[in-house]
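Notes follow once the structure below has been shown.
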Amino acid sequence: MRKRSKTILSDGTLFRRENTLYFQNAKMKKPKPLVVEGIYDIYIYGHVNITSQALHYLAQKGIAVHFFNHHGYYDGSFYPREKLHSGDLVIRQVEHYLNREKRLQLARLFVKGSALNMEKNLKRWKVADGFSGLLEELFRELEMAKKITEIMNVEARIRSEYYSRWDEHLPEDFKIVKRTRRPPENEMNALISFLNSRLYATIVSELYNTQLVPTVSYLHEPGERRFSLALDLSEIFKPIIADRIANRLVKQGTIRKEHFRGELNGVLLTKEGMRKVVEAYNDEMRKSVRHPNLKTNVTKQRLIRLEAYKLMRHFVGVGRYDPLVAWF
Amino acid sequence: MEEYPLDDLLITGTEINYLFICPTKLWYFAKGITMEQESEWVDLGKFLHERRYGNEEKEVQIGRVKIDFIRKGEIIEVHEVKKGKSMEKAHEMQALYYLYYLKRLGIEAKAVLHYPQLNETKEITLDGREREVEEAIQEVVRIKSLPAPPKPVKSKKCRKCAYYELCWV
Ligand code: SF4
């Protein structure tokens, strides 16, 4: 059986009885058994009580649980027992952080990969208008950057150029206008943030299944978030996963104004909106593409794991990390 | 008879096995970069431990691999059930490695590889093959000490290897 991600949007209780995990919400007459063998990881959006026995069981099975608040923002993960790390790899990962040149190199590569994926999107949406020329210039700056803050600065400029072009292509009701966060002030921002949070958690799950230390990062400062390496990797995947889904959902009218509600502190997706977005997200992650190097089909989700493997290879010194640029 | 544990036990049978499959795989494995689905054979250290502490268990089941340790006077038979012969050399060297160590501990033993699907068995004894084992050990030590993994070389083995994605993505 192929393991799948499980998303819980409703409120309820997750508990264990004998060797079975159950979920029960108010609407259910009987608790619903969850087959742990088929679960890859769990994403919880509702108010869910989890018993410690359930957590023990999930830890035993190596299943990570990700929690989101009612805005759909990532709160944190239950990251069961750090798997056996490789002392050697940990040392190399840290070395690439401590060595300024090595850190800068990786930070640049994350920004570059991200930018090239943005470019790819704009071309698909036919709003690339001068973006490539601009990138050339900004990449030169990137090469010259001697500090992480300078790299971050270039990154921010690339991003704002990207958003302003993407905006041209979006329906009137869903302009990004100004990308705001926490709380998002408009629908498109809310949608993108929701997807980015989910993507971040997925990356945390994938890193969990490798020997990489998720807390040592390069573009982002370690400690910016607990799993800052997932932030680095999400730069690569945000454009080609989250942005593409968001774009499709509003262009096709799957997500409409009615899927949002205004709150004191911003615009939020409704439960129904979240359900639709999660569904689209899961479908997307299960889609596969032919991998040019591996010569096999791999799912979009697997691409994240593969990116982690490429980093591992970089750290141990067989070839340089070459960020994924979407060929699809 | 030497005392257990021997320093050289830092090398595991699996490492000897991997040496004859692929040095890249050996390097990753030895550095703790594992890809699930490993652990063939019983850990020799574990076996010796059990033996020393009087565990008379005759059969050890680890994952899908069944190992019998049958005492016949001082001759011990290490039985191994294998699926196919494609990794025959690796299996054989791993067996030899165990026999080599048991001998250094003063325990005489022989190994039997079973290939039920081929309806064959193969008996392995150390007789005069110590050199071969010692060379393999040295080669494992050398590869483990390399600062980077040996460059992967694509072969038929890669397709079935757990490191396929790591090597070739
Ligand atoms: S994929 Fe091929 S080169 Fe890489 S470790 Fe496996 S057998 Fe060796």
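The backbone N, Cα and C atoms fix where each Cβ goes, glycine too.
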Of A:GLU137, A:GLU172, A:GLU235, residue recorded by TrEMBL at the Mn(2+) site of A:GLU155, A:HIS220: A:GLU235
Non-site residues, in chain order, whose CB comes within 8 A of the mean position of the CB atoms of A:GLU155, A:HIS220, A:GLU235 at Mn(2+): A:ALA107, A:PHE110, A:VAL111, A:SER114, A:MET152, A:LEU219, A:LEU231, A:ASP232
List of residues, in chain order, with Cβ under 8 A from that of A:GLU155 (Mn(2+) binding site) and at least 6 apart: A:VAL111, A:SER114, A:ALA115, A:LEU219, A:GLU235
